[in-house]
Amino acid sequence: MTSGLPRRFLDLLTRPRVAGAAWWSVVSRLPVYLMSLALVLTVREQGGSYAQAGLVAALYTLGMALGSPLIARRLDRGGRAAVLTATAVAYPAALAVLVWATRPGGWAQPVTAFTAGVVLPPANACMRSLWARLPLRKEERETAYLWEALLTEVLVIGAPLMLAALMLAGSAGLALTVIAVTGGLGALGLAYTRLPAGTEGAPTAPKGPRRALGPLREPALLALTVIMAVSAVPIGLLTLAIPAFTDRHGAPGGAGVVYACWGVGSALGAVWLGRSQSEVAPEVRLPRLLLAYAVGTGLTLLAGSPLGLAVALAVGSAPIALVSATEMSLVSGIADGRSMAEAFTWASLATVLGDALGQQAGGLLMDPFGPRAVFAVATGTALAAAGLAFVFRGLLTRRAAPTVECAV
């Protein structure tokens, strides 16, 4: 392929009847990457304690975890317009009630936070399932999922900066409301943007009785979600170990810079290495990338200063976005087309669960053993994820989703 990756992104994201969905989905996903922080800041601004703020943020996350598979199932069965419209209205409304009509200490604020989490617009699942259905060539679909992985890195870094900028112009509560309304408008745009003919068939319910796990009954998808959960554990472990390491080396204020190097390294790795990834089948690529991810995680064991840790993370994080893109590509190939959005939702929840488990484990290990031991556990867990990917590689070769050639 002669064109570079930026050119491939540009060609994909400016294509008629593709660009609209892609860019509206970016707007609709802004709340996903900063709402927990915004909730904590809002509750504290209202005079609540950190315990109360943590409860509100935790219930929001719990609502999101419990509600998102059900919302995604409705998306698969009822189509994007109805589901995205309903959630685009309900989500900012619930958060506006939380900010302007409730206060810390009562029952209404935690309940409203939980409700908001349940009705979060399923923009991630919707757009990722659309990439699987749009009339794209194989390499274009790979580029689309690489864009999704890179976008995640950009939003993780950039969305909190946007929150900080909004707070300079007003309160945390006002910033939260603006972000929620913006996300709702993005969801409405995604709901009604025009797509290429044939992208969306008539919604049909899967045959047979309804089961709670839905697409996870497929062994290949279940194996993939397990791999994704295990591979996310080191992220959570490092999230705790990085500030502890910088604090022990007398630079507590340097944790933010080290975190930034981690994210930038992943993004640059996607841009630099992503151009050659579509030449290798994803089920072959995933174990290799996870092995590189484990080696990169192990570089943290060599760090002797915050600067050394920043360099180790910048270099070692190069495969992270590529791992994510490959996982999404595999989900699109394994999942039944009638439950594609729900499959992507379970995959996302697997990474959230793995990250949360890693943070909890990191917190328990930090005081008795220190950050270097946590780095070692993170490396071992990443190696375990790579081992699982090699073991389950045969399962991951299954392809259920049709490949649609791009119409000229």
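Glycine residues also receive a Cβ, built from the backbone N, Cα and C atoms like all the rest.
Source: prediction; values computed, not measured.
Listed in TrEMBL:
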DOMAIN    220-408  domain 'Major facilitator superfamily (MFS) profile'
TRANSMEM  21-43  transmembrane segment
TRANSMEM  49-72  transmembrane segment
TRANSMEM  81-101  transmembrane segment
TRANSMEM  107-125  transmembrane segment
TRANSMEM  145-168  transmembrane segment
TRANSMEM  174-192  transmembrane segment
TRANSMEM  220-245  transmembrane segment
TRANSMEM  257-274  transmembrane segment
TRANSMEM  373-392  transmembrane segment
(message) Is the transmembrane segment (220-245) in contact with the transmembrane segment (107-125), using at least 3 Cβ pairs under 8 Å (sequence separation of 6 or more) as the test?
(response) no
(message) Check the transmembrane segment (145-168) against the transmembrane segment (257-274) for contact, please; criterion is three or more CB pairs under 8 Å, pairs 6 or more apart in sequence.
(response) yes
(message) Give the nonlocal contacts of the transmembrane segment (81-101) in its own chain as ranges (CB under 8 Å, at least six residues past its ends).
(response) 28, 31, 35, 39, 42, 56, 71, 74-75, 108-109, 112-113, 115-116, 119-123, 126, 173-174, 176-177, 180-181, 183-185, 187-188, 190-192
(message) Same chain only, please: residues at least 6 beyond the ends of the transmembrane segment (174-192) with a C-beta under 8 Å from a C-beta of the stretch. Say none if there are none.
(response) 20-21, 24-32, 34-35, 38-39, 41-42, 80-81, 83-85, 87-89, 91-92, 95-96, 99-100, 116, 121, 123, 126-127, 162-163, 166-167
(request) Determine which recorded stretch among 21-43, 220-245, 257-274 has the most C-beta pairs below 8 angstroms with the transmembrane segment (373-392). (result) 220-245
(message) Six or more residues beyond either end and a Cβ under 8 Å away: which residues meet both conditions relative to the transmembrane segment (220-245)?
(response) 252, 255, 258-259, 262, 286, 290, 293, 297, 300, 303, 306, 309, 313, 320, 323, 327, 330-331, 334-335, 343, 346-347, 350-363, 366, 370-372, 374-375, 377-379, 381-382, 384-385, 388-389, 392, 395-396, 398
(request) Pop the mean pLDDT for the domain 'Major facilitator superfamily (MFS) profile' (220-408) in here, whole number is fine. (result) 89
